[in-house]
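Student: Below is the structure I would like to discuss, written out as structure tokens.
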Amino acid sequence: MSGGKSGGKAAVAKSAQSRSAKAGLAFPVGRVHRLLRKGNYAQRVGAGAPVYLAAVLEYLAAEILELAGNAARDNKKTRIIPRHLQLAIRNDEELNKLLGHVTIAQGGVVPNINAHLLPKTSGRTGKPSQEL
């Protein structure tokens with residue numbers, strides 16, 4: 001007889017799974033946790049805080065990259081450059097508010113011409129004049 005109470009099947013060893021994989025995230029939960037601990041933001045850091053923060057950062061990155069990809073496609077380009085990031089952020093109301101004081105290197109400016117500076121179009125629709 002073998003020692004131990006439990007009979008039946010032997011316990012199958014589980015392979016190690018990262019916290020990012022458990023949460024279904026691409027961003028590194030372990031690294032975010034380490035940065036929160038080393039950053040002196042608080043004396044203690046809960047277990048759920050780095051998971052939540054990594055999820056928020058992943059969502060923001062995905063949102064910005066999707067809009068920048070659309071801007072690149074509109075300009076018939078396949079590579080996202082800083083100009084596309086600038087256009088994506090400045091044309092989105094919420095992202096512009098969040099990143100309002102951020103300067104993007106090589107981003108340029110958003111094209112905008114004041115309506116007063118545009119040439120005035122005539123209101124006539126092409127009726128011939130009655131003058132001789």
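Placement of Cβ uses the backbone N, Cα and C atoms for every residue, glycine included.
Pulled these features from Swiss-Prot for this protein:
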type    : residues : note
MOD_RES : SER2     : N-acetylserine
MOD_RES : LYS5     : N6-acetyllysine
MOD_RES : LYS9     : N6-acetyllysine
MOD_RES : GLN106   : N5-methylglutamine
SITE    : LYS120   : site 'Not ubiquitinated'
MOD_RES : SER129   : phosphoserine
Student: Looking only at Cβ atoms, how many others are within 10 Å of the one on LYS9 (N6-acetyllysine)?
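Tutor: Other Cβ atoms within 10 Å of LYS9 (N6-acetyllysine): 6.
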Student: Any idea what the Cα distance is from the residue listed as 'N5-methylglutamine' over to LYS120 (site 'Not ubiquitinated'), rounded to a whole Å?
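Tutor: Roughly 34 Å, rounded to the nearest whole number.
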